[in-house]
Amino acid sequence: MSGLTTHILDQASGKPAAGVGVRVSRRDGEQTQWLAELRTDADGRARLVAGEDLAVGGYRLEFAIGDHFKASGLPVSDPPFLDVVVIDFAVSNLDQHWHVPLLVSPYGYSTYRGS
C-alpha cells in the first residue's frame, strides 16, 4: 500500500507533537503544486497523500514547529530558532509506502526514511 505519511516526535517532552501544521507540495522542475495543508493528530501522525495521488518525483514537507514549541510552555527564543522545518525528498517507487518522521526539539531536528 503506497502513500505518504509523517509522524512528529517532540524530543524535548518525549511525546508526540499533536496539532502541528504540515504543508505538502509536489515539485516538478520550476512548478510547485500544493497538495495538502493539515495538522497532526493526537499521536503526532498525519496521512499526507493517498497512494492513488502519489507520483514519482520531488516533494516538500513544511512543518510549522515554531508554533508547537511556543504553545508547549518550554522556554524558547523569540523568534524561535526553528520556525518552519522544510524537508525536500523524492519518491522513486509507487509500490512502496513513504513515511517521513520528524524528530524535533526547539534547537534541532532529524529525519529519515521510515516504513
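Along the chain as shown, the residues are counted starting at 1.
Yeah, the Cβs are placed from backbone N, Cα and C, and that goes for glycine too.
From a predicted model like this one, the values you see are computed outputs, not experimental measurements.
Quick look at what Swiss-Prot lists:
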- H7, R45, Y112: substrate binding site (BINDING)
- 1-23: region 'Disordered' (REGION)
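Apart from the site residues H7, R45, Y112, the chain places the Cβ of T5, T6, I8, L9, G44, H99, V100, P101, L102, G114 no farther than 8 Å from the centroid of the site's Cβ atoms, the recorded substrate location. The Cβ of R45 (substrate binding site) has 17 neighbouring Cβ atoms from other residues within 10 Å, across all protein chains displayed.
Largest CA to CA distance in the substrate binding set (H7, R45, Y112): 15 Å, whole number.
Under DSSP, residues within the region 'Disordered' (1-23) fall into helix, strand and coil as 0 helix, 13 strand, 10 coil.
For the recorded site, Y112 (substrate binding site), the DSSP three-state label reads coil. In this structure, R45 (substrate binding site) is part of a beta strand by DSSP.
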